[in-house]
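As recorded in TrEMBL, the features of this protein are as follows:
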DOMAIN    19-392  domain 'ABC-2 type transporter transmembrane'
TRANSMEM  21-38  transmembrane segment
TRANSMEM  187-212  transmembrane segment
TRANSMEM  233-259  transmembrane segment
TRANSMEM  284-306  transmembrane segment
TRANSMEM  318-337  transmembrane segment
TRANSMEM  343-361  transmembrane segment
TRANSMEM  373-395  transmembrane segment
Amino acid sequence: MAKFWIVLSHTYMSRFKSKSFIITTAIFVLFFVGMGNIDRIIGLFDNDDVLDQVAVIDETGGIYTSLIEQYEQIDANFEFVEYEGTLADAEEDILSGAIKGLLHIKPDPDNYFVVEYHTDQLINQSIQYQLTNDLQQLKNAYAIADQGIDYAMLEEIYQPIKFETVAVELADGTTARTAEEIGAAQGLVYVMLFILYFAVLQYGNMIAMDIANEKSSRVMEILISSSSPISQMFAKIIGISLLGLTQISIFLVSGYLIIESRAEDMNGEFFEVFGFADVPISTYVYAVVFFILGYFLYATLSAMLGSLVTRMEDVGQIMLPVTLMIVVAFMISMFGLNMPESSLVTVTSYIPFLSPLVMFLRVGLLDVPIWEIGLSIGLLVLTTIILAVIGARVYRGGVLMYGRSASLKDFKRALQLSKKDR
C-alpha cells in the first residue's frame, strides 16, 4: 500500500510542478479575469466622450427635427449634425473621417420619404440597423397622423396577449418545472457537459501519455520491479484525477471570485447571476456522481490503451476511439439541450460510454423516474468495474510490451503476457 501512495504522490506532484500545468492554468485564469472584466477592457480603448457624427441632408424640411427630438430620449453612440454642403462634399468628409456617414432624406409622395445612407463601412452595420428602425417609427407616426388614427386605439390593439402556462400536478404530488428552473438547469447542464468533456480529453490523454513516456524512457521497467502493475495503474488514474480536480477547482474558484467582485455590476451574487439558486440540490448531486463515474470510466480505458504504446507519437492514434466516443456523447448532449425528450437522447442515456453526459442532461432538464436513473448509474458502475478488471490485466501485460506497433491488435497480446506474468 505504501508503494501505491508513492506512485500516486509522484504522479500528482510531478505534473503539478510541471511548466505545462502552471502555464495552462495561468492562461485560463487570465482568460477568466479578462472575460469577467471585458467591459472595462473595452472601455480603455473606447472614448465614450466623443460621439460619432452622422450628417443629415433633409430635403423634406421636417424629418431632421423629428429625429433630433427622438434621439434626445435614447442613449445612442452617435449624434446628428445638419449638413450644409453637397453630397460630393459629404463623401469627401466621410473618407477623411470627419463624419461617420451621411443620411440623405428626400420626400416621396407615395411613401412619405425615402432615405439613403452614405458610408465607407459596409461591414459594421449597427448604425444602419438603428437608423432603419428609428426612421420606420417616424414613418409610422406620419402615417398614423395622416390617416387620423387614434393612438390609444392602436396601443390597445397591439397590447400583448396575456398568456400563462399552468403546470399540471404530477402523480407524486409535485408540479412540472417552471421556465426559470429549466433555464437555470440548462445553464448548469451546459457548464457540466463542457467540464466533463474537457476533463476526459485533457486528463485521459495525460494518463496515456504519462504511461507511454515512462515506457519510452525505460522508467517503467524500474517501476514494475518495485510495485505491481495494477497498483501503478490505479495510482496513476487517481493521481491525475486529483490533478484534474485541483485544476478545475482553481478555475471554478477563480470564476466565483471574479463574479463576486463584480456582483454590484451584475446585480446579484454568483448563484443569482447565473440562476443556479433555482436548481434543485439533487441536480448538483447527480452532476458530481456522473462526473466521477464518467471520468473513472474513461480514465481506466485511457490507462489500458496507454499501456499498449511505447512511443509518445502513438498516443493520439491509440486514443482515437476514446476521443470519438466522448465527442459523440458531447454532440448528442448539445442536440439534447433543445430536445431532451427525443428517442435518440433517451436510448443513448443508457449506454455507459455516453450516459455520463446524456443521462445527466435528462436528469437536469426532465423529471426522469428514479428507476431509469438507477439503471443508467448501475450500468455505468458495472461497465467501469468490468473495464477496470480487464484494464488491469491488459495493463499488466501492456507495460511489458515494446515495439512500434500501436494498434488494438496488441490487446490480445497484452492479455497473453499478463497470464504469463502471474
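Using N, Cα and C of the backbone, Cβ positions are placed for all residues, glycine too.
Between the transmembrane segment (187-212) and the stretches 233-259, 284-306, 318-337, 343-361, 373-395, it is 284-306 that has the most C-beta pairs under 8 angstroms. At the 8 Å Cβ cutoff, the transmembrane segment (343-361) and the transmembrane segment (233-259) share fewer than 3 close pairs (sequence separation 6 or more) and do not count as touching. Highest Cβ contact count with the transmembrane segment (284-306) among the listed stretches 21-38, 233-259, 318-337, 373-395 falls to 373-395 (criterion: pairs under 8 Å). If one looks beyond the transmembrane segment (318-337) by at least 6 residues along the same chain, the residues whose Cβ comes under 8 Å of a Cβ in the stretch are 186, 189-190, 193, 197, 200-201, 204-205, 208, 298, 301-302, 305-306, 308-309, 344-345, 348, 353-354, 356-358, 361-362, 365, 406-408.
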